[in-house]
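As annotated by TrEMBL, region 'Disordered' applies to 107-130. Residues or ranges marked as transmembrane segment by TrEMBL: 139-157, 177-200, 253-271, 383-403, 415-436, 457-478, 490-512.
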Amino acid sequence: MMGPDPANAAARRYRDKEVFVTGHDGTTPHEVFLLCLVAPVGLRLYRGVRPHVVARLLGGGHPVVVDVIVEFLTLILPMLVVQTSLLPPIVGPCLLLAGMTILASSMPPPPPPSSSDGTGGCDEPDRRRRPASLSVHRACVYVLTTIAILAVDFPLFPRRFCKTERDGYGWMDLGAASFVVIAGWTSAIGGASDATSSVVGPDRPAIAPLGLSSATTRRKFVRKCAPLLLLGIVRLATNKGLEYQEHVSEYGVHWNFFFTLCCVEGFVVVWRDIKREWSLVDPASTAKYLPDLAMAMLLIVPYQMFLSSGGQEFIENSDRRCGDSHGSFSPCDAFVANREGILGVVGYTSLRLLSEAVARACLLPVFGVGSERSDDRGQRRRLYVMSLGLWMAHILLTCGLGVPNSRRSTNAPFVLWSLAHNMSLLCLIEATATRMHATAKNGNAERNASNPRILEAVNRFGLAVFLSSNILTGLVNLTVDTLHSSDGKAVFIMSSYLALVCGFALVLDTLFNREKVD
């Protein structure tokens, strides 16, 4: 008797894996945000436990190694646990967070910091351009996403956390959107110190109505877009060549998120050139966010009107080919086959512009960056007010006007939810960091001028970490039957994978970037 055909078996595994990650309805925005609370709570636990553990091992160990282990156990590993079915829904994460909070609160005042405790540059002046809390936020998003892209292939990962098929709120829906939000924030904050140089002055050339009007802008366009375009092509080639399972309704048949980022970054470069040439930013104005806000509205409002008048139905239910043609692949076929990714560029671009506008309106005064520096701690309320306003706008659209939240079309409610969620998470991380620094100034804790080592390394080498995690995810799927892995085996694989990714970030940080400030 002949055995099963290997080709048929491989095709069956491919179909099973594809079905396993598609067709899900998601969960609630409350549960998604609850899971993200592991970041600020874990940060507080790490700050409470670390000085005691390091102090006890000063006499015979390697504090740097101990520091990394403590961070992995108190901050990184809980991010993995909340993304598994080891915890019952809602109650499990609540109990975990409560236990972490109680443990952190029960820590006695740590001993005075020693110069030999392995903290390195922790006592040096903080020279970073980007606020520490924003770096922590970005690193946590990278780590949470890194975990999810592998965990989703195991039964241990709750199916309600998968990307939603039509509408709803999925845990994994936020990964790509959060990258866009953070890119907008860091771009606005990074350019705050030299914002006036981007404004037209008497020595500027005559107005040019189109972007890419200067050689510098064209070089920046190529520098921003070429790597993302190349990564998108490589991702497409590897997925098709290795016959890796695909979630077609995510971005389409051939599109992927690198292509989306390429389009978004290209538009932003052109838009900045237009703002500069048309004098759309007044250096003396306190409302530098208005041009970005206006352009975001010009994009998202007509796009949502298109979706509400039949575009959403087209995205969700249209065929992947134009008409009844079965001949060559036409441009029309390319569009309908990749409609989610192509049309989604509009939503992601508006999200990027809104993120920059929010950063200029709220983050710069709070974090005291560039010309927006402020010593009034009451400015911090801007973060909470903006976060609340975004949530209210999202509720108005979804509950008041009945517009469903759709990751698949990247519609207006999804844009608002993504920004509101990240704003709220940043508020909590910033509040945690503020309490930690206030405690340090009172002499009851060590000075925390630098971020945890793993998070700092992930923050500095985010793209390399993300690419390495994608490679490891592919290797695991090619060598392990993830669909039929036991919970214990899945936890072991994911923990090892997470340790490798974090270790890779630390190696890069040690070799190339220890002295660089961000």
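Glycine residues also receive a Cβ, built from the backbone N, Cα and C atoms like all the rest.
As the structure is a computational prediction, the values presented were derived from the model and not from experiment.
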Worksheet item: Which stretch from 139-157, 253-271, 457-478, 490-512 shares the most C-beta pairs under 8 Å with the transmembrane segment (415-436)?
Response: 139-157
Worksheet item: Cβ under 8 Å to the transmembrane segment (457-478), counting only same-chain residues 6 or more beyond its ends: which ones?
Response: 17, 135-136, 138-139, 142-143, 145-146, 149-150, 153, 231, 235, 238, 242, 244-245, 451, 493, 497, 500-502, 504-506, 508-509, 513, 516, 518
Worksheet item: Are there residues at least 6 beyond the ends of the transmembrane segment (490-512) whose Cβ is under 8 Å from a Cβ of it, and what are they?
Response: 68, 72, 76-77, 80, 84, 86, 143, 146-147, 150-151, 154-156, 453-454, 456-458, 460-461, 464-465, 468-469, 472-473, 476, 480, 482
